[in-house]
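Engineer: Below are the structure tokens for one structure; questions will follow.
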Amino acid sequence: MRITSTSCICPVLVCLCFVQRCYGAAHHGSIKVTRNQTKHIEGETEVHHRPKRGWVWNQFFVLEEHMGPDPQYVGKLHSNSDKGDGSVKYILTGEGAGTIFIIDDTTGDIHSTKSLDREQKTHYVLHAQAIDRRTNKPLEPESEFIIKVQDINDNAPKFTDGPYIVTVPEMSEMGTSVLQVTATDADDPTYGNSARVVYSILQGQPYFSVDPKTGVIRTALHNMDREAREHYSVVIQAKDMAGQVGGLSGSTTVNITLTDVNDNPPRFPQKHYQLYVPESAQVGSAVGKIKANDADTGSNADMKYTIINGDGSGVFSISTDKETREGILSLKKPLNYEKKKSYTLNIEGANTHLDFRFSHLGPFKDVTMLKVIVGDVDEPPLFTMPSYVMEVYENAKIGTPVGTVTAHDPDAANSLVRYFIDHNTEEDRYFTIDASTGTIKTAKIFDREETPWYNITVAASEIDNPGLVSHVPVGVKILDVNDNPPELARDYDVVVCENTKPGQVIQTITATDKDNSANGARFHFSLDEGLALNPNFTLRNNEDNTASILTRRRRYSRTTQDIYYLPVLISDGGVPPLSSSSTLTIRVCACERDGRVRTCHAEAFLSSAGLSTGALIAILLCVVILLAIVVLFITLRRSKKEPLIISEEDVRENVVTYDDEGGGEEDTEAFDITALRNPSAAEELKYRRDVRPEVKPLSRHHPFSSLDSIDVQEFIKQRLAEADLDPSVPPYDSLQTYAYEGHRSEAGSISSLDSATTHSDQDYNYLGDWGPEFKKLAELYGEIESERTT
């Protein structure tokens with residue numbers, strides 16, 4: 001099979017296609033393929049031969065964007081087995097088979113039914129096979145071939161990043177690179193010139209140029225000045241087909257801004273300025289502004305203003321406002337029209353950021369002259385001093401002069417001045433002032449110990465213009481006089497030990513004085529000379545504003561006197577001297593040998609008896625011994641009254657204890673014991689006394705005639721029946737008495753009543769066999785008791 005193709009896009013290709021069709025069948029386009037044959041030779045086995053492929057696969061080409069009415073012819077498939085009789089059928093499979101590409105199954109012609117776009121898909125992979133139309137068996141193996149979409153110039157160049165914004169410094173050299181732009185073309189760069197792009201400038205000449213091949217934009221002029229023109233809009237075109245006629249093109253805009261450099265020095269608009277400043281301007285306030293113009297921007301326009309010379313450099317100062325770039329003129333000293341009416345200042349403005357590449361355009365500073373004219377203003381009175389300090393003694397009479405303030409009118413009119421005190425605070429009401437002379441006097445009597453200092457404000461105004469007022473602070477110091485006597489520094493707690501020695505210091509005292517050191521810094525201590533000589537204590541003045549209290553005898557007794565009073569006279573060194581008397585309270589206390597106070601309370605009941613400490617301890621020991629004897633006696637007595645039988649498990653329900661010992665067995669009058677011996681001795685039945693019985697007792701109609709024959713069991717049953725038939729049963733209470741033990745038991749009676757034998761004549765060993773309830777009794781009456789006694 002051979003393949004022929006007729007894809008031609010130019011005369012040269014048409015010629016090539018013609019040659020291919022005419023010459024390819026014999027030399028280039030086909031190789032004969034022999035189908036699989038089986039040769040049968042007598043006596044030989046069947047031999048299978050490998051079929052030879054008759055395909056010569058050249059790439060098929062199809063033009064993109066085909067707009068013709070008929071399907072575009074792509075090529076032809078032909079098998080050597082095809083004899084032209086229609087027995088061979090051609091089948092096409094793969095990408096686009098049956099939809100984009102169709103094949104004539106008889107002739108093998110391939111056509112394209114749709115317009116293709118190389119930029120979407122560059123080639124298609126298909127498979128071809130020739131089969132026998134009658135048997136549908138393949139005549140040759142399936143083979144693969146490619147149909148490539150041939151490019152045409154159908155895509156214009158595009159700038160993917162545009163539009164562009166870029167900056168370049170002003171005054172740059174010609175040829176300075178600004179930006180490189182790049183355009184892309186979607187056509188096939190390996191085929192023809194469809195994707196070969198060249199650049200050109202459509203707008204922006206003669207200021208900028210562009211490299212045709214690289215797209216680099218450069219400056220085309222020397223010294224482009226930002227102050228002359230700042231913004232430029234440059235249009236760049238990219239054209240394919242190497243810029244030839246018929247090529248497609250695209251464009252983009254590049255916005256170029258010239259950035260500022262410091263190439264313009266500052267300049268004052270005028271060489272001479274004049275400024276009016278009133279003499280009343282406050283020191284530190286801004287009195288004027290001045291500005292030098294600079295065509296540059298940003299930091300290139302920053303400048304600093306200075307006063308370089310002039311007679312007003314000491315009176316005025318200038319600073320720079322960084323926001324407005326203005327020079328702010330301020331007042332350093334107060335102005336006085338009467339002394340100086342004008343000042344001259346030379347002010348310089350200079351850039352702070354210099355670019356030495358442009359130093360030849362300088363100097364980058366400028367100087368101007370400023371004349372300041374001082375304006376005359378009616379000023380308030382001026383005090384001779386900025387503040388006053390005066391003194392007055394305490395206790396001075398009301399109206400005593402304290403001092404005088406003086407003010408005058410600084411203007412040429414020299415108006416008269418009136419003085420007054422601003423009564424804004426309470427302290428201002430303690431003084432008065434003469435409105436004409438300015439003399440300050442007291443308005444109350446002062447106490448230095450209460451308030452040693454006063455601050456007042458004195459005002460002065462012109463009589464002709466009361467609205468102009470000036471103020472001055474005045475401090476008044478209250479001087480001290482000796483008007484306070486000295487007194488003890490604190491309340492002293494003076495203690496003297498009973499065993500003290502004569503001449504011993506028991507306390508050191510000091511004094512205080514409310515007056516200052518000039519009137520009472522030195523104190524003198526003494527005893528009152530008007531009193532008799534104190535036999536117990538004396539005082540010694542230490543000449544250092546302290547005094548010592550000393551004892552005058554050997555021993556002191558709390559029982560005799562526990563508190564002493566010592567009057568002390570204290571005088572100061574003021575003029576005139578003042579004194580006061582204070583009384584010290586001295587307590588007598590018992591102390592240890594080392595002087596520590598043990599107690600200061602008087603023990604009257606011991607002292608009167610004359611007992612010492614040892615005697616007191618002996619008495620206490622005797623009391624403790626007596627108490628111990630009493631407690632021991634009571635304990636022994638209680639132990640004797642404990643019951644003889646103490647059972648671990650008490651089987652009785654009720655235990656009634658009587659503390660009546662009785663007279664023993666011989667006493668037959670204290671208690672009738674016959675009821676315990678026989679029921680015949682029991683009293684007649686006792687009835688309840690709280691209710692009246694409605695039935696007669698059964699005992700009166702009992703068939704038994706005598707109580708002697710009544711058994712205990714029958715007796716109990718009788719009493720139980722009476723209680724059951726009694727209509728006055730609970731909630732009423734009744735008392736039933738059963739005081740009979742019974743006749744006898746096998747074990748015998750354990751009571752000593754009616755016992756004919758003594759305790760020592762009986763053998764009580766059998767009590768140990770009665771169980772745990774009688775264990776204690778067996779111990780008492782058996783051998784265990786005799787062993788304990790022994």
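First residue shown is number 1, and so on along the chain.
Even glycines carry a Cβ here, placed using N, Cα and C.
A TrEMBL annotation is a machine prediction, not a hand-curated record.
Pasting the feature list from TrEMBL:
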| type | residues | note |
| --- | --- | --- |
| SIGNAL | 1-24 | signal peptide |
| DOMAIN | 79-159 | domain 'Cadherin' |
| DOMAIN | 160-268 | domain 'Cadherin' |
| DOMAIN | 269-383 | domain 'Cadherin' |
| DOMAIN | 384-488 | domain 'Cadherin' |
| DOMAIN | 488-605 | domain 'Cadherin' |
| TRANSMEM | 615-636 | transmembrane segment |
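Mind running through what each feature is packed against?
Structural biologist: The DSSP breakdown of the domain 'Cadherin' (160-268) into helical (H, G, I), extended (E, B) and coil residues amounts to 3 helix, 45 strand, 61 coil.
Averaged over the domain 'Cadherin' (269-383), the predicted model reaches a pLDDT of 91.
Across the domain 'Cadherin' (488-605), DSSP assigns 5 helix, 53 strand, 60 coil.
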